[in-house]
Each structure stands twice: as C-alpha cells, then as structure tokens.
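Okay, structure first, notes after.
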Amino acid sequence: MSIDIAKYPTLALAENPEELRMLPKESLPKLCDELRQFLLNSVSRSSGHFASGLGTVELTVALHYVYKTPFDKLVWDVGHQAYPHKILTGRRDRIDTIRQKNGLHPFPWRDESEYDTLCVGHSSTSISAGLGMAIAAQREGKGRRTVCVIGDGAITAGMAFEAMNHAGDIDPDILVILNDNEMSISENVGALNNHLAQLLSGKLYTTLREGGKKVFSNLPPIKELLKKTEEHIKGMVVPGTLFEELGFNYIGPIDGHDVLTLTQTLKNMRELKGPQLLHIMTKKGRGYAPAEKDPISWHAVPKFDPTTGALPKSSDNRPTFSKIFGDWLCEEAANDKKLMAITPAMREGSGMVRFSREYPDQYFDVAIAEQHAVTFAAGLAIGGYRPIVAIYSTFLQRAYDQVIHDIAIQNLPVLFAIDRGGIVGADGQTHQGAFDLSFLRCIPNMVIMAPSDENECRQMLHTGYHYQQGPVAVRYPRGTGTGAEPQPFEQLPIGKGVIRRQGNKVAILNFGTLLPDAITAAESLDATVVDMRFVKPLDKELILDMADNHDLLVTLEENAIMGGAGSGVNELLMQKGRLVQILNIGLPDQFVPQGSQEEIKADLGLDAAGIQNSINKRLFS
C-alpha cells in the first residue's frame, strides 16, 4: 500500500533536489518533520535500515538545498543513513520496495540514480573516493564541489585516515562531514558553537585569515602569534586538533538537527578552498522515541507497528547460527581463560553480546578495523593465547593480506568464525558471502570447514579451536538452522566427509547448509549424498570412491563456483586422472542482487527443485 503524499504537503513539493531548492528557507524545518514521519511510515511497512536515516534528515535536506546536486558530488559512507537522500532524489514513490527483489537498492547505487555517486555498503570508503572525485573536478575546472558524509564509527577505520592524510597533503577542495551520533548534544553544541561555526566558515573571516597569512608571512613572530590565537579560539570549544594536523580546516561541532544553522554553515563552507571538515552532532533514531532509546535494535528492522513502538518477535524458535556460535563461545571460555574473542564492530550481529558480558576480559571489539583484528589475533597467538576472529564473510575480504601474511605464512593457530557465508539476502551485492571459500582455499596451511547444520557447526568450532597445527576457518550462513539437536562435543577427524544417503549413478558432494535441499533432490533421483564437511583438506579417498562408483558427480556449495569447493574437486579428479562427468552447482560469475534468501536461492537454482532440474538437464541433455 502506497503512502498518501497529500498528508505531507511540504514534502510533496520536493520530489527532487531542484524542487527542494525552490522552497523558502523558512519551510525547511517543516520539510524535515514531514520527511522524518514519511520515513517512519515507509520503513514500518516495508522493513529496512531505520535509526541511521532518522538521524540524518536535517543534514540531507541542508546538503541538497545548498549544493547543486547532481552537478556537485555527494558521497555517502556505508549508506545506511541514505534513505532520506533516496526519498528526496526522485525515489519517494518506490521507497517501500527498498531491500526487496527488483526494488530499490538498500544503499546508494550508481546504476539507480545520477544522485548516487558511489556504490557503497562497506564502511570508510567515502573520503578516498571523494578525494578522487575532487581531483577530477579540480582538473575539469567547472566549479564542481565534492562532499563526503562519514559517521563516527566509519571514520575510525584506517582507510579513512589514509585518505585524509593524502587530502591534507595535496590540498583539494573537498568537504568531509563527520556525522557524530555517539554522544548526546552537549553544552559544546549550543548557541556559542553554532555561532562560532558560522563565523569561522564565513567569507569575512576566511578572507582576513588568508590575507593575514600573506601579510605576516615574513614576520615569523607575529605569524606564530596569530596561529596560536586562532588555535586557542578553536580549542576553547572544538576538539578538532587531530583533523587540523591532517591538513583540514575544522569547523564544529554543531547541532546536526538544526537545519537552518546547517544550511547557513554549508553555504559558507561551499565557498571555502582546500580540505574542510564539518563536525556535526546528531542522534540516531531522532524523532522516534523507541529508536532514540535503543538505536542498535532499531538499526535495521522488520515491518513493525509505529504506534506501539515494539519490534515483532520471530515465530521461529530455532537458534540462528550466530547464536550457536555465541553460545559455543561461552561454553568454551568457561574452561579456558586463554580463549580470546575478537570482533570488528559486529558484536550484536555475530552473536557475541552474552560473551561480552560474561567474559569481558576475553572480549575485544576493535571497531571497524578488519585488518587490525586479524593481525591483533596473530599477536595473541604468538603470545600463547588462543584467538578467535568472529567476522562476516564479506568483511573478511578487507583483511585478506593479513590472513596470508600475518597468520597463514606463520602457521598460527587462529580460528576464523566466518558468519554470513553464502547468500545473505536483502543487503545485496556488497554483503553476499560469495567468495570466502575461493579466496581461502588457495592459502597454504588453511583448514576450512562448512557445517551442514547447527550441531555440526558446534562440533566444527570445537574442532577448529582445539586444532593447534595452524589456522582454521569455520564458515556458516545467515539465519536459522535445521533444528538439529546439539550433541556432546567431539573433535571431528580432519578432512573426512560422511555419506548421508546411498544411491546410484549420481553422487552429490555437498559443502555446507544446502544439505537438506540436496537430500530432497536426491530422493527423486535416487542419488548418493555426501556431507563433505571439509573444503580443505578434501576427503580425497571418499571423492575418488564416489568417482569410481557413479556416472555423475555433482558438487553443491553456496559460494562462487569459480575457485570454490567444486573447483577443488575438479582439480583432484584431473590430478588423479579420473574421467567422470562432473557438474558444479553454486553461485554464478556475477554479483548477486538483493532479495530474500529463499528468492535468491530459487532464482539461482540452489533450492531442491533447482538442484534436481540441473542434474536432470545434465543427465538427459
């Protein structure tokens, strides 16, 4: 059901930034109120990222009001906060399709709109890309401006500081807006600071500042006195020393929910030369009390009733794989004080809340710093501790060199608990866990396991933790398990699979949680089904036995076919000279868009019907 835009009379006048810029400045507070209410009503009907967008309503309105988008380039970091941006850039009537199959993309996406300058989803990329755009604009010479919006979490990543360090060195015209929603708006963010921000960003001050530098450049004592005076004025009210040292002119912090102050400050800053940083203070979940109170729970939400302020509880009582991991972590830590668990800012998503509370001295949240997380684990292992890195598949990509250089080459006993392996669903191309088996399988010394259910996941985590001959990865999916009952811990034999169903002619070698679909397909085909368990080392003896006693081998995995587990089987068969038909089923050579996990699996032929259909095509074509 579409939302009646007539209930939002000011928002109705601003379907795109050109129309927004025609509104009188005095109407902007009213526009913000309506935009926030529209966002609430839309996301409550469709699901999606919520709290971040509520916090950036005023900023989004001010940016599109002042800057000449899409001529000026606006770069959003991560993109969770960009729903208001989508609503104001011609996508208002489709916002209720966001994160759905064939709907709006969950993040800014270049193919979707000319207002989306960078495809995002992972954090801390905005300043690097924005710097490139700023240099291109500078050489173009048409007066195009570049603005990057980055949050206080994302700016902690090394890549953001690398970009700022570079920007400070080459001195482009670029504005970085630090959206700081970690603190409440304090007395530092009041009338004095708002006034000072407008003063320091104004043309009179900057003209005097630059003119004074030129006049007194040959009088070092006076030049130094002026510099210290300016630093003292800023230092009384702003924490900008770090950014100034990186070569940025720092303004703020100011109230990110005062749209009129934001608009005037941005208008001033658009005229400034060189690297600029505007620090704004916002509140995640602004304007909706439940989200303000608990922004983590309201970060991404299912459909909900906005009048009750209560998120619906899942009717599925089966534990998620993330919970399986978190509970196992607590069980293992109860018997081993040398266990150290590390997460790069994904405590809730990785199922580590309970562990962080019960074992705070053994828990490390290193922030958005995947590279550091992995090498930090290497240091712990060298020091005699037993580190576990809990990380999403898509984010492990960001620490690939550290896995090789700092872990595998030194053959250190580090356990990687890789969550969200395979199809993740609604977050689309940037978040599917499509590549981990491929990029880990080629690394020497690495042991890789893929459980078929939640009990096997527990056993593999236990096995990997107690395997001290080198690094181990246990890779499991997003979502709930099959309902398998947990069994007492046992260490699995390394590199050994298990036959789950004996059949004829066709053998399905399954890697991971597609096993139930494989068994369902096998019933109709009278096929053998093997739970391979290990991607590396492969159970060579079992694979060769299957090849010798079946006409067709089928490999099944929720990973890219290229370089994945199936490729490993192909390599073994070629190496051993076995001439047998083989069919690799997995993720195709394309980036998989958003949709529900069930929809995507069906589209890619990874459900029972699709598996059966692919096998029949091979058998009878």
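Residue positions begin at 1 at the first shown residue.
Placement of Cβ uses the backbone N, Cα and C atoms for every residue, glycine included.
Record features, source Swiss-Prot:
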BINDING   His80, Gly121, His122, Ser123, Gly153, Ala154, Asn181, Tyr288, Glu370  thiamine diphosphate binding site
BINDING   Asp152, Asn181  Mg(2+) binding site
Long-range Cβ environment of Asn181 (thiamine diphosphate binding site), under 8 Å and at least 6 residues apart: Ser52, Gly55, Gly151, Asp152, Met281, Thr282, Lys283, Lys284, Pro295
Coarse DSSP state, helix versus strand versus coil, of His122 (thiamine diphosphate binding site): coil
Binding-site residues compared (Asp152, Glu370) - highest count of Cβ atoms within 10 Å: Glu370
Cβ neighbour count within 10 Å of His80 (thiamine diphosphate binding site): 26
DSSP three-state assignment (helix, strand or coil) for Glu370 (thiamine diphosphate binding site): helix
Asn181 (thiamine diphosphate binding site) in three-state DSSP notation: coil
Most distant Cα pair in Å, residues His80, Gly121, His122, Ser123, Gly153, Ala154, Asn181, Tyr288, Glu370 binding thiamine diphosphate: 32
